[in-house]
């Protein structure tokens with residue numbers, strides 16, 4: 001289906017109010033958003049030191065705040081991420097800790113607190129199997145934590161290499177390859193060649209190899225895992241590709257190569273980019289706007305190119321910090337978080 005030929009619009013479904021400070025990040029529960037008859041669940045985290053859990057009613061289709069996770073973090077909660085099972089929620093905070101919350105149905109309990117970073121924790125990410133998670137911090141380090149029995153978490157590795165604040169960590173969707181991006185303008189790829197847990201930096205994507213020229217804020221992968229989008233303070237989005245079959249065979253590391261750069265679509269820092277399961281890239285930026293892009297399907301001599309699908313100006317009243325597509329197939333729901341204190345739910349729909 002050629003999305004460019006369809007007359008699409010991004011429709012605001014609901015504005016979720018409750019946070020009393022800027023909202024930094026949103027995360028969809030991976031299980032609830034898939035299952036038939038199960039209400040979608042969204043987590044949001046904020047400068048008000050809390051995480052809110054939102055649920056959509058199966059009857060009214062409206063969203064309500066089901067619970068507020070508070071009194072664990074003493075400073076801003078910068079990032080939140082669900083485990084693949086949807087049972088655990090990890091929360092990264094400026095207080096230097098990462099909280100692990102267990103979903104007991106109607107309530108959540110903080111079952112573990114990961115300590116070790118010297119400064120603010122900026123991001124947290126689970127690997128595809130849920131056997132470990134990664135965190136990163138203003139202390140320039142990336143930590144890998146192994147999930148043990150009895151709600152115990154063990155620091156398996158401390159990865160150093162970035163020269164500045166690390167903004168985000170993201171595991172590859174199908175393999176235990178970890179990606180980090182930083183205020184040092186680079187993306188680093190970490191891989192354990194022998195699967196022995198000894199992670200090494202196997203590639204650095206920087207300005208010298210068609211990378212970004214300023215802070216890299218966000219990383220996201222397409223469903224197949226053979227392409228990656230990154231976004232930056234340099235006002236661009238970049239698309240990268242790899243030989244995924246070679247990587248999955250385990251024979252050797254297949255380097256990521258720059259495929260194309262999308263520029264001129266935002267005029268302030270691009271803070272977030274997220275790739276949907278049906279291949280639509282969303283971006284959110286400091287210009288209060290959201291943009292959607294799709295593969296043009298017309299590969300030129302220079303490689304693939306991406307077209308602007310639509311633009312939503314004034315999506316929020318302030319910076320858009322996070323955009324996240326629902327993992328559910330075909331529903332085309334997008335959540336956004338902003339400095340204006342709001343979370344918004346959008347639907348990509350055909351114009352009437």
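Glycine is no exception: its Cβ is also placed from the backbone N, Cα and C atoms.
Look at Swiss-Prot and you will find 18-64 tagged as repeat 'WD 1', backed by sequence analysis. What Swiss-Prot lists as repeat 'WD 2' is 72-111, and the listing cites sequence analysis. Residues or ranges marked as repeat 'WD 3' in Swiss-Prot: 116-155. Look at Swiss-Prot and you will find 161-200 tagged as repeat 'WD 4'. The repeat 'WD 5' feature in Swiss-Prot is assigned to 211-250. Per Swiss-Prot, repeat 'WD 6' is recorded for 265-303. For 315-352, the entry in Swiss-Prot reads repeat 'WD 7'.
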Tell me, what is the mean pLDDT of the repeat 'WD 2' (72-111)?
96
Apart from its near flanks, which chain residues at least 6 from the ends of the repeat 'WD 7' (315-352) lie with a Cβ under 8 angstroms of it?
6-17, 19-28, 30, 33-34, 40, 42, 44, 46, 52, 54, 63, 268-269, 271-278, 280, 282-286, 288-290, 292
Can you name the far-off residues of the same chain, 6+ from the ends of the repeat 'WD 6' (265-303), with a Cβ under 8 Å from a Cβ of it?
2-4, 10, 215, 217-223, 227, 229-233, 235-237, 259, 309-325, 327, 329-330, 332, 334, 336, 338, 346, 348
In terms of Cβ proximity under 8 Å, which residues at least six beyond the ends of the repeat 'WD 4' (161-200) contact it?
79, 122-129, 132, 134-138, 140-142, 144, 146, 206-207, 211-221, 223, 225, 228, 230, 232, 247-248, 250, 253, 256
Counting by DSSP, what is the helix, strand and coil composition of the repeat 'WD 4' (161-200)?
0 helix, 18 strand, 22 coil
